[in-house]
Amino acid sequence: MRAPLSWLREYVDLPAGETGRDVQERLVSAGLEVERVEQLGAGLKGPLVVGKVLAIEELTGFKKPIRFCQVDVGTANGTGEPQNIVCGATNFHVGDKVVVILPGGVLPGDFQISARKTYGRTSEGMICSTSELGMGDTVSNSLGGDGIIVLPPEHEAGTDAIELLELVDEVLDIAVTPDRGYCMSMRGIARETATAYGLPLRDPALLDVPAPNSYGYQVKVADPIGCDRFTARTVVNVDPEAASPIWLQRRLQKAGMRPVSLAVDITNYVMLELGQPLHAYDRNRLDGPIGVRRAQPGEKLTTLDGTQRALDPEDLVITDNSGPIGLAGVMGGANTEIADPVRDEQTGEVRGTSEIVIEAAHFDPVAVARTARRHRLSSEASKRFERGVDPQAASAAAQRTVDLLVLLAGGTAEAGVTEVITPSAPRTISIPADHPDRVAGTEYGRETVVRRLQQVGCDVYGADELVVTVPSWRPDLTDPNDLAEEVIRLEGYENLPSTLPKLPSGRGLTESQLLRRRVGRSLAGAGYVEVLSYPFVGDAVLDQLGLEPGDPRRRAVTLVNPLSDEEPAMRTTLLPGLLGTLRRNHGRGAQDLALFETGLVFQPTGDEPAPPKLTVDRRPTDEEIGALDAALPHQPVHAAVVLSGAREPQGWWGKGYPASWVDAVEAARTIAREAGVELIVRQDQYAPWHPGRCAALYVGDELVGHAGELHPRVIKAMNLPERTSAMELDLERLEQARGGPLRAPRVSTFPVATQDVALVVDTAVPAADVEAALRAGAGELLEDLRLFDVFSGEQIGEGKKSLAYALRFRATDRTLTAEEASAARDAAVVTAAERTGAVLRGA
Amino acid sequence: MSAPNKSYDPVEVEALKPEEIERMRDEAIAAFAAAADLDALHEAKVAHTGDRSPLALANREIGALPPHAKAEAGKRVGQARGAVNKALAARKEQLEAERDARVLVEEAVDVTLPYERRPAGARHPLTTLSDRIADVFVAMGYEVAEGPEIEAEWFNFDALNIAADHPARTMQDTFFVNAGQANGRRVGTGSASGDVVLRTHTSPVQVRSLLDREPPVYVICPGRVYRTDELDATHTPVFNQVELLAVDEGLTMADLKGTLDHMVQALFGEGMRTRLRPNYFPFTEPSAEMDMVCYVCRGDSVGNPDRPCRTCSSEGWIELGGCGMVNPRVLTACGVDPDKYSGFAFGFGIERMLMFRHNVEDMRDIVEGDVRFTLPFGMEI
């Protein structure tokens, strides 16, 4: 809503020097979002006067038409002589009244005017167009359209045009929130301004309105819920040629609307003034009584914008005998609109609309909102009805429209006044007088509360318990807190005290939250950089990952309205996003990359039922909450890493080594350590990993994830660096596996006994199995065990490998003898032999 | 060692003559001084203090002297040996110091060499900023609550007093999830079931918190949310919010204001404060927009064209987000008695805060995961 300051002053006697910015500050504090204050005519300086074109000489020989004009500017030029002006526009004639800027004047944009030689003549000023005067480009009609302004003939030459055209003004541009429908009008903004300044309001809706009677235009409302009020008035003998006066056009322009024709301009003007959308019908194009009902299946309507629309049975429509003639509260139909005047060249007679039926109705906000959304048709009317229009303003708005048609178009008001009203009681809300105090946390006192509510327009009764009748223009005031907000905002949010509540002791972060932080820190500490990628995926990337058709990771939640049709699904694995980010970094020249992400993945069963629709006037039952949750997919937290290039770069310190499957597995171990669980690694084959370099990650018997080098085909398909490796695991399963508090180890101070063994096993035997067997066989004396070499070659034999372990033995109560240590070692080797077929090397 | 020889004239024992002893001593000291390194010194030590050294041999002769001569000779030899040992120790210390100095110089390295053998990683600044914000509130006694990102409409809209046809629903552009295998959003009001959406804010976590817990409830809800904006310099369809919810007996807007003031002081330093401006949200009543004093210019740039502030565009205030008193209708929907309890809530976007707190100019830098952007942020923010 754009509110010109000059217009606002009509309803509120603001202090003379008050600027738009001053008003902005007050209104912002009162809760109106005044986004900016536009300065109209900034930099404009006269003399700018009305001129009468006396003579026009068409100059020839130039690329475009050029006119040399003599213009009477009265005594504004100090001589009274006609002013010689060169002009490039052609939309004016001898005798027309135009707007002239004289030498010494300045146009907006610091355009200094002086007498100068041009096209072989001396031009002493300029004949102005609307755009040159900064009047905006939304202009048509008598104020000149795109060309020179041609004024109505009654204005005297020499009259100051800055004042005449109200060129200097300030306009408040206000973003009206959905609850403040009444501020979609000058009346509403004036009310807020008056309250903010503590000044009286001249309410433009306070008009004398004749009582309804039975001889007005007939209206039948078949849907009193959709339309609880319909006022119809008729004005006849309207002069179809009458044009909107300058002040009316200028106010519309400043408010951001385009002057069209007098009748339409008047309905728009009254809408801006009072907030009541109106519609004007050409009575001679109406066929029988006006009706209001829902549309019938198959009905169509061509709206004013020329679009033919198939109507929905939910649409509320205005009808006559011919069928729908308008979308109620949204847009009128083309067939009954006010006709443009047409002059019959033979007779000189002007034909156009001379009898007008005015509609001022109140429609259900929800019905209007749905229709506007359904037809993607947001109009000035629908914007207001959606937010709530003052139903009590309808008859005043109709009266104001009638008055203006009589005043400006020479019309005659017919005596018939139609009002179809479904009565409704005024809404009252009871609140304790100190309710606003308790909401705010400060003491306003009853007197202030009552005064502020009255300023809002409420009637207030009662002492400790207030019975508040809310004004008809505030449908948003329904609850006690709504009233509290009115009081608090008018008293100023800036005056609220600043206190802190006394909280009960909190329990800090949960185990799971702590774990995620530790995981993030330790991976970052291990050289990984965290990324947060978008969770949107498509089939293409799942194909690239080589997932089989039946892979559960292909069963994804899909979006109705994805940003890209290529990626309509929600991720079931973190890898697509991470690998995409790796590729992007690689493409930008990064060589050695290690990235990690933790986040939700979405794992639907595909059988989730739809969630029930639940009421909000009570807590849902546990069953109902369960039904809501059952509609949602499983959404566990995953952690994943990807790496490529060198894990350790080579440098002056020596060789580096490439990132590989082992780093990916190690990342899983890092996470497992943070989770306090033992990770068991087994050989596996699983997409998208290299079938020979893929580890399955277990906690106990539960599979929690995979790690390893990616399949070469995946690397090729996704255009990734060679040997890219990856790990992904389900963090929640790790969390759940976490045991109780750790039992501290006993630290023995007796000396250690070290024994090395080299075991030969089949290549296929996992080292993890050999180690487990050694540990099991060595018994309690084994303090530590380390694999220090893996070797295969001719000496070992085909299909074999040698694993060399350092075993450290220690007892808690004595120094071990060499015999004891050897016995423990031998026991370990025996168990390894039994379980893995290991043979002591050299034995 | 020879036995005492009674017939032997001690005076005649050549080796024990005072001048002989002095000579031996001086030779030893001279040899030490002449030793150029520790090896030479070792040889000199063996030669002059070893078992076969002249002084050792002289010492042996003392036993052969008659008793009256023993003491004097013993004293003479002892003094000489003492002087020799002292000279040896001094020379040894000297040579060792020289050796150490030489070796340490030889061992010197260029300590300015870079060592990027294990380059550090980093957490994403959105994560660390979110954690930091959460920690401010955890320290006050709040708990961190979380919830699903794919959410039932009832939690995301209905329970928050955003009715199906409320204009507020058009304020947020929502991603809708295809229903089961049926493939297609259940449009219209005739359907008996609701929709599933990508949550448009973390407010559904507030609803879940109220359903899960008995009041008093003090929670902070950080998390990922979704709106159908295309990625550009200032928008992203996937972003992060932090919301706070406090529900207790007697909570007021002043408590909300105080909590906000505390937060901006904790995050931006002493003297920071907030400003509330009336606004509208369906889930709060009264509602407000919250601004904080520009932490860069502290308002000094307002009306001061000589010192413009880029962070706040010389407005003096930075818009943070929305807040208000929890709408009693929300409490009712969550089974909390609005006559007994009241609450306040606020929420803001972490990306926005990251942008103005760290001078990030383009949202894409936050989103794209370029390691050059993330690495400088390190582990904490």
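Cβ coordinates are placed from backbone N, Cα and C, and glycine is handled just like the others.
Quick look at what TrEMBL annotates:
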DOMAIN    A:42-162  domain 'TRNA-binding'
DOMAIN    A:424-498  domain 'B5'
BINDING   A:ASP476, A:ASP482, A:GLU485, A:GLU486  Mg(2+) binding site
DOMAIN    A:748-841  domain 'FDX-ACB'
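All features noted in TrEMBL, drawn onto the structure.
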residue	record	Cβ neighbours (10 Å)
A:ASP476	Mg(2+) binding site	20
A:ASP482	Mg(2+) binding site	20
A:GLU485	Mg(2+) binding site	29
A:GLU486	Mg(2+) binding site	28
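Broken down with DSSP, the domain 'B5' (A:424-498) shows 32 helix, 13 strand, 30 coil. DSSP states for the domain 'FDX-ACB' (A:748-841), grouped as helix (H, G, I), strand (E, B) and coil, give 34 helix, 32 strand, 28 coil.
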